[in-house]
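Copied from Swiss-Prot, the annotated features are:
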| type | residues | note |
| --- | --- | --- |
| ACT_SITE | 131 | active site, proton donor/acceptor |
| BINDING | 97-98, 104, 126, 199, 229-230, 255, 284, 286-289, 295, 305, 364, 366, 370, 373 | NADP(+) binding site |
| COMPBIAS | 1-14 | compositional bias 'Polar residues' |
| COMPBIAS | 28-50 | compositional bias 'Gly residues' |
| REGION | 1-77 | region 'Disordered' |
């Protein structure tokens, strides 16, 4: 049961109206609420000789129902949600840097994209040590430094697993989590990241070592939260249980693939974790690497990701039988999009946002114009009635069903 401290009337009278806190307040260097240099936490002016304050444990009322609700940014229309059941508020649309920053687009275009995102209320920017072999982090860091935005006004997330070629430069060992995160911070030119993600699970590393290492980097001020990416529900639960067993810090969210053709994990597995242990979801690939845009149409344009060197796997996926079937399904969604007055891309992104437990959906764009179009999904979200969602499910024919 959560408790709060109720202060006695006598103790309250010894404090000003602006300083009526329950319990002694830490001094500038005192760990126990006393003045700098030590002390025992006596109230100001108490001298240690007056009556001792009596504290009573009283039940803390549950958080109001609206505590985890969306809020809308003034002037931008951006919606903000809690990251899982943590207190961190993130924009429901975030900006990812995979493929684009340090690779597909120029640094000038990257700056334009980041600026438009920030000015439209996006406060979540995601990257990873492996993206463009570290160039994505460098590009993001250079832009943030040049912009001079308040560090407290945005959230930076990075992911650790693939850092280099050496055996000790990848995985989730304590060594690589600490050294990898320090390398990311150096490239980002930041003192800390808001969230550090384990970029996949590591069967070669004990779970206790992973959780202890993540707790360490948080306690050292290198990160504020930690999460998982592409972990199974059982692995996330194991990490949470390990944290609770040893009084460590548990993960707050999972990064997972989620789009019209990838539904099972985010719609069936993660909501259960959200309700049980408060783990939220940050999802990626809302357009399935551009497949859900109708731009392929049986071919691979030179300007898309599938045509980039090193992404032959994506080209093969687009041209596969499954890829062609999915493209046909996208064409079936065109009438629904037209009825709502939006593009298929906006419809697909809004559809991802309506899933339970999803804190934010990461967007990957190659231009500011594309980003503005995708941000238009916020207006579509309010139009997704249960009837419209049922119509989409009927066209897709892939709605996951509960095992119960």
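Glycine is treated like the rest: Cβ placed from N, Cα and C.
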Tertiary neighbours of residue 373 (NADP(+) binding site) (same chain, Cβ under 8 Å, six or more apart): 343, 345, 346
Chain-internal residues, separated by at least six, CB under 8 A from residue 286 (NADP(+) binding site): 258, 259, 292, 348, 349, 352, 361, 362, 363
Residue among binding-site residues 126, 230 with least C-beta crowding, 10 angstrom cut-off: 230
Number of other Cβ atoms within 10 Å of the Cβ of residue 97 (NADP(+) binding site) across all protein chains: 26
Integer Å distance between the CA atoms belonging to residue 131 (active site, proton donor/acceptor) and residue 364 (NADP(+) binding site): 13
Collapsed DSSP category at residue 289 (NADP(+) binding site): coil
For the residue listed as 'active site, proton donor/acceptor', the number of other Cβ atoms found within 10 Å of its own Cβ: 24
Residue pair residue 230 (NADP(+) binding site), residue 131 (active site, proton donor/acceptor) - Cα distance, angstrom, rounded: 16
